[in-house]
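Student: The structure follows.
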Amino acid sequence: MAAVIQAKGLLSLPPTLQTRRLYPSQGLKNRLRIPNNRTLNGFPTSASKTPNPIEPSIGSFSKHRKIQPFGERLGFSFGFCKRPNGDLQIRRAEATFAGEPEKPKLFGVEILTLKKIIPLGLMFFCILFNYTILRDTKDVLVVTAKGSSAEIIPFLKTWVNLPMAVGFMLLYTKLSNALSKEALFYTVILPFIAFFGAFGFVLYPLSGVIHPTAFADRILGALGPNFLGPVAILRIWSFCLFYVMAELWGSVVISVLFWGFANQITTVEEAKQFYPLFGLGANIALIFSGRTVKYFSNLRKNLGPGVDGWAISLKGMMSIVVLLGLTICTIYWGVNKFVLNDPSLPKVTRKKKKEKPKLGMKESMKFLISSRYIRDLATLVVAYGISINLVEVTWKSKLKAQFPSPNEYSSFMGDFSTATGIATFTMMLVGRWILSKFGWGVAAAITPMVLLVTGVGFFSLLLFGEPLTPILGTLGITPLLAAVYVGALQNIFSKSTKYSLFDPCKEMAYIPLDEDTKVKGKAAIDVVCNPLGKSGGALIQQFMILSFGSLANSTPYLGGILLVIVGAWLAAVKSLDSQFTPLAKEDLRQELEAKKALPKESTNGSVTSTESDGSTNDSAVNQTPETLTTPGVQ
């Protein structure tokens, strides 16, 4: 008699069968009690004594019935047969997959995985390349436009950008319920591509016609010069629309579309391995796109008199944005068409996430007030958002004074983006060493210290630039240019330390908390602190502009507010460090004790069975693949 396990080609018998006999004294024959012409747990048996022990029996396996063999995790299958002397023999067939060579790899990574990761990396590069071009261009448009200045930015962020972002997310939610994932992706990204192309070739050339310049002049005359910023939104409405669309590209295409798609098709292990590389690739895109902005901004030098160099530069940059946008769509289509339909790729299974508690504003405030730990963490988030806005907008107003031409302004922003990419790339490599060498407290304090030192230098040059003119003149620069360079360094280092140290430290601070505090704390900070941090600086600047007429007149007060904010930030870091470090040590101690308490697992890979009385015992046959272990496989 013989029995053969067939699992649709996954298992096969080797040329030489490995056999071992179990004699009646070993007890297996008596315990299994296999009757003739019956099946045991799906294994057919026969009383016929055939000279060929591997002849397939005509039974439940004759039609290639799909069976999950209990030895599959061990890399072999079992068949039962009876020898002429009556002894039961277990015949083991090594699986072909146990002896087959490893799957092909490139640089230590399976080719199947690279089919997903490489297209995702290319998509991310194109998206970030476009974002840098759009981010630099939007500032040039709204700051250097005639009848506008940097004072427009706080009003634009609060009264245009925020409502548009909220409206888009409401629309996106409705579309996601009505469209498939692929249709939703194209429905969202194609309008962005069409708008940026139309802006470069249609809206900007017609800006002198479509902008209500005369009407804006009458309103400004009635309200007074203090309202230059709000009136400028109406005066250059198409530029403001470009500003909002560029901002939405970052929050929608990067955060929603790309990361949603990446999380959909990658496994957890792939994400752990490759997501950090995406962050490094983002900074490489920042470097190259900064060089691209610099190149197109310098085209004006080679053009004849009377030619609008900024219009030519804008057409070139928007052409690249459209081309890379279509490339993103092509890659997305290719991944869905040729990669996700590949049956050999590992399938992604996602556990349903627990719903986060939806805290309202009142409940969030109560929770923030009740917990000192969460209150300190919230201070970090709010302080960064306010302080970076206070310096950035003031710096851009001085940048316009130094580089009034759009091409010169854009050229400087190209250099700024390249320097930001290099600094962030370097800090991301160094940040991990800083955390391990000096601890959480030092790493978390670096970002506010950078903002404090550079902020003091920036505002000092603005307030006391005249006495320093002779000293700066020996260096060949003016106080205004020195303030521009110091402000640029402030933005470069604050952003690089934010991505490499501030964000990791902020997320680490949640780890030692209990689950309830962790979830509720995140929800409260999302509801209260994130919007307050983003709009707090803009609201302060709006109040200063309306009160003192311009950012230049309010510089001393903005500098004083910055000192107060950063001081509160550093105090919160110190307080949080005193709470976080003991909790983290206790958490680590409990984790080590839990590991020591775990029983040591057997690693010999053998299958054992215990003797029993006369009752049938087929526990070895009933084991599932999950309960079997083999050396090196957990």
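Keep in mind that glycine also has a Cβ here, set from the backbone N, Cα and C atoms.
Caution: TrEMBL annotation is automatic and unverified by curators.
Annotation comment: TrEMBL describes 601-634 as compositional bias 'Polar residues'. As annotated by TrEMBL, region 'Disordered' applies to 594-634. The transmembrane segment feature in TrEMBL is assigned to 117-134, 154-172, 184-203, 241-262, 274-293, 314-335, 373-391, 412-434, 440-464, 471-493, 557-576.
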Student: Do any residues of this chain, six or more beyond the ends of the transmembrane segment (412-434), have a C-beta under 8 angstroms from a C-beta of it, and if so which?
Tutor: 132, 135-136, 139-140, 279-280, 283-287, 289-295, 297, 399, 403, 442-443, 446, 484, 488, 491-493, 495-497, 499-501, 504
Student: Please identify the stretch among 117-134, 373-391, 471-493, 557-576 with the greatest number of Cβ pairs below 8 Å relative to the transmembrane segment (274-293).
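Tutor: Against the transmembrane segment (274-293), the leading stretch is 117-134.
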Student: The transmembrane segment (154-172) and the transmembrane segment (557-576): do they have three or more Cβ pairs under 8 Å, with pairs 6 or more apart in sequence?
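Tutor: No, the stretches stay apart by this measure.
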Student: Below 8 Å between Cβ atoms, which of the listed ranges 154-172, 314-335, 373-391 makes the most pairs with the transmembrane segment (241-262)?
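Tutor: Maximum Cβ contact count belongs to 154-172.
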Student: Does the transmembrane segment (117-134) reach the transmembrane segment (314-335), going by 3 or more CB pairs under 8 Å (6 or more apart in sequence)?
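Tutor: In this chain the transmembrane segment (117-134) contacts the transmembrane segment (314-335) - 3 or more Cβ pairs sit under 8 Å.
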Student: Return the stretch with the most CB pairs under 8 A relative to the transmembrane segment (184-203), choosing among 154-172, 314-335, 440-464, 471-493.
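Tutor: Ranking 154-172, 314-335, 440-464, 471-493 by Cβ pairs under 8 Å to the transmembrane segment (184-203) puts 314-335 first.
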Student: I need to check the long-range neighbours of the transmembrane segment (440-464): which residues 6 or more away from its ends have a CB within less than 8 Å of a CB in the stretch?
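Tutor: Distant Cβ neighbours of the transmembrane segment (440-464) are 380, 383-384, 387-388, 390-391, 394-395, 398, 431, 434, 479, 482-483, 486-487, 489-490, 493-494, 497-498, 501-502, 504-506, 508-509, 555-556, 558-559, 562-563, 566, 569-570, 573-574, 576-577, 580-581, 584.
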